[in-house]
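See below for the structure under consideration.
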Amino acid sequence: MPHTQTDAHQNNQENFSSSLISSRPSQPMTLSIQRLDHGQGLELPHYATAGSAGLDLRAALSEEETVILAPGQRALIPTGLIFHLSPGFEAQIRPRSGLALKHGITCLNTPGTIDSDYRGEVKVLLINCGQEDFAIKRGMRIAQTVIAPVLQVNVCALEPQQNESTKNTVGNRGAGGFGSTGHD
């Protein structure tokens, strides 16, 4: 039986971590993907290495089309794919580190979330944070997706605080944020 709120929180975290580890299948789960017409002929998302966490996503532009991203400009790039995720999972859309380092290209909504009940095309919102125009062509690896479990919670409202002595029942952080714990 937990003695404090901190003990209860720690027990909840340990139980959650244990359930995630024990629920990992011995075989990889299958991600069903539907290709749209403009996604035909492109490689399906795949892991670049045995230890990769993300599956590469490619631009599903037409052969004749090139999207030029000027510095500061953003564009929504189609992948030509619809994900059919299992309930209890999401697909996170993340930038590719090489594009960010070499060209300043990143995903604007990071990580983007594809919910398990979404059945539209997966698109990637890219922005050019670099100094030069960047050309996006058909088949380019533009982002990566990580499939992750989702923990849904029950939400309950707390009563308003009655006085200063009950404001911080766990820890001493209070309402501090955005660098309030230090800058080193």
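Just so you know, the numbers here start at 1 and follow the chain as drawn.
From the backbone N, Cα and C atoms, a Cβ is placed for every residue, glycine too.
Per Swiss-Prot, compositional bias 'Polar residues' is recorded for 1-16.
Annotated region 'Disordered' per Swiss-Prot: 1-25 (among others), in sequence order.
As annotated by Swiss-Prot, substrate binding site applies to Arg96, Ser97, Gly98, Asn109, Thr113, Ile114, Asp115, Lys123, with the evidence given as sequence analysis. Counting Cβ atoms from all protein chains shown, Lys123 (substrate binding site) has 19 others lying within 10 Å of its own Cβ.
Per Swiss-Prot, region 'Disordered' is recorded for 165-184 (among others).
Residues or ranges marked as compositional bias 'Gly residues' in Swiss-Prot: 173-184.
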* Structure fact -> If you count the other CB atoms within 10 A of the CB of Arg96 (substrate binding site), including all protein chains displayed, you should get 21
* To do: In three-state terms from DSSP, label Lys123 (substrate binding site) for me.
  => strand
